[in-house]
Amino acid sequence: MPQLSRRQLFSGLALTAGAMALSPTAAAAATTTEERTADVVVVGAGLAGLSAARRLAAAGRSVVVLEARDRVGGRTLNHPLPGGHVADLGGTWIGPTQNAVAALAAELGLATFAQVDDGDAVYYGHGLRTTYPSGGPTGGAPPDPTILPDLVAVLTLIDQMSTEVPVDAPWDADSAEEWDSQTLDSWLRSHTASPQTRKVASGAFEALFGAEAREISLLYALWYVACAGDEQNPGTFERLIAVQGGAQERRFVDGAQSLSLRMAEQLGDRVALSSPVRQITQTADGVRVVRDRLTVSAAHAVVAVPPTLAARISYDPPLPVARDSYTQRSPQGSLLKVEASYDRPFWREDGLSGAVVSDTGPAKICYDVTPADDALGGLLGFVGGDEARTWGGDHEALKAAVVGQFVTFFGPPAATPREVVVQDWPDEIWSRGGPVHLLGPGLLTQAREAIWAPVGRLHWAGTETATYWHGYMDGAITSGRRAADEVLGA
């Protein structure tokens with residue numbers, strides 16, 4: 001814990017003395033609590049909370065949305081670039097079977113464009129740089145002969161096993177107890193012969209979960225794959241990681257945060273920013289949601305924040321043991337995004353797509369994130385799991401390291417970016433990580449419906465409570481709508 005300097009200490013004492021010297025009228029004003037009423041109070045103004053509020057408002061319910069941050073959007077965040085362009089520092093892509101987010105974008109008039117997938121990808125493995133066709137016979141996987149036999153066998157088996165996992169009740173899979181008793185890493189070690197396979201796979205897991213394979217249960221990983229689809233199209237691992245036909249197929253011209261910005265604009269003064277919720281009291285007749293100097297009384301509350309943040313709210317009466325245990329044991333992943341902008345996407349001139357798979361960090365998965373009009377160039381590196389925990393404390397060193405990787409991958413022009421931005425999601429006080437929660441061995445089969453089941457007048461939303469596209473923007477939207485429907489049907 002940082003130590004207070006003498007100056008900070010005396011400054012704090014002076015502020016305290018100043019507060020004590022306030023006139024009675026000023027002191028009373030400083031401690032006055034505003035009271036508001038609504039049919040429903042929504043905690044969190046990310047995609048889930050805003051989707052819930054929008055659905056409730058459309059049904060004629062009065063709604064108050066309380067957002068701790070000074071902005072809406074949750075784990076989506078636009079970073080301004082020259083010429084009116086934006087960089088996505090959070091959720092970025094949408095793809096086939098992500099029907100809710102695609103429909104919402106169309107309704108809000110937000111355009112998308114295809115993620116660049118033309119040209120060769122870069123594979124950095126065994127200390128060597130090679131290239132391979134992005135849409136070649138191995139899909140997104142590098143054609144490394146030391147890993148291909150393992151990869152083909154393992155991914156085929158993962159897809160087969162995931163079909164046995166019900167998306168709405170993964171704990172009911174016939175092998176749920178067995179699969180939830182082991183980590184993804186232990187299973188991989190027993191089904192792969194090459195250590196290089198596990199090194200390459202770690203990059204995918206670090207980007208997907210912000211975690212290492214040892215941190216999540218096999219059942220959770222299989223559920224995640226099963227959720228990467230819809231009612232007509234079973235989930236596959238390839239859909240999770242692919243560009244064409246996969247979750248990285250399209251991006252938003254105006255950035256993914258624009259979804260939330262448009263919804264918040266429609267909701268108007270129903271949304272209150274800089275309003276962290278401290279306490280929720282539930283009675284037989286309603287709920288009282290308390291933030292600093294504001295109390296909202298409502299018939300129902302929708303809590304649309306990550307479980308690790310929901311756990312920091314004080315509940316009266318206390319939550320059931322199953323729900324409380326789940327939120328205490330499901331931290332967010334550790335994921336940073338490092339984005340470098342350039343005058344132009346110079347790597348395309350060399351026939352490269354901008355995609356990278358590397359067995360060495362800090363960034364092991366990279367993409368071309370050039371704006372739609374190609375007016376600038378953009379490269380993105382995912383830094384997750386152990387790499388995120390190692391590098392998160394020194395952003396300047398991380399920038400230098402990732403730019404150095406870009407030079408290795410794409411050549412000397414990568415050494416002179418216009419700007420490099422690090423988005424450190426674990427360091428965000430109102431996120432504490434990303435992109436999704438981590439469920440270790442035993443948790444999914446123990447928590448079961450407590451992940452999303454209402455507790456009296458409290459309803460849970462957020463991508464962590466979704467079924468299809470759990471962990472993605474699409475899942476956040478459907479979770480908010482599901483929570484709103486619970487309220488409307490109560």
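Using the three backbone atoms N, Cα and C, a Cβ is placed for every residue, glycine included.
Taken straight from TrEMBL:
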type	residues	note
BINDING	GLU67, ALA68, VAL277, GLU464	FAD binding site
BINDING	PHE382	substrate binding site
DOMAIN	47-488	domain 'Amine oxidase'
SIGNAL	1-28	signal peptide
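Everything TrEMBL records as a feature, shown here on the structure.
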residue: GLU67; record: FAD binding site; contacts (Cβ under 8 Å, 6+ apart): GLY44, ALA45, GLY49, VAL271, ALA272, LEU273, SER274, SER275
residue: ALA68; record: FAD binding site; contacts (Cβ under 8 Å, 6+ apart): GLY44, SER274, SER275, PRO276, VAL277, VAL305, TRP430
residue: PHE382; record: substrate binding site; contacts (Cβ under 8 Å, 6+ apart): GLY203, GLU206, ALA207, LEU335, LEU336, LYS337, ALA363, LYS364, ILE365, CYS366
residue: GLU464; record: FAD binding site; contacts (Cβ under 8 Å, 6+ apart): PRO306, PRO307, SER330, VAL436, HIS437, ILE451, HIS470, GLY471
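Here the Cβ of VAL277 (FAD binding site) has 25 other Cβ atoms within 10 Å, regardless of which shown protein chain they belong to. Reduced to three states, the DSSP call for GLU464 (FAD binding site) is helix. In the three-state DSSP reading, GLU67 (FAD binding site) counts as coil.
Within the set GLU67, ALA68, VAL277, GLU464 that the record links to FAD, no two Cα atoms are more than 19 Å apart, and one pair reaches that distance. Model confidence over the domain 'Amine oxidase' (47-488) is summarised by a mean pLDDT of 97.
DSSP assigns PHE382 (substrate binding site) to a strand.
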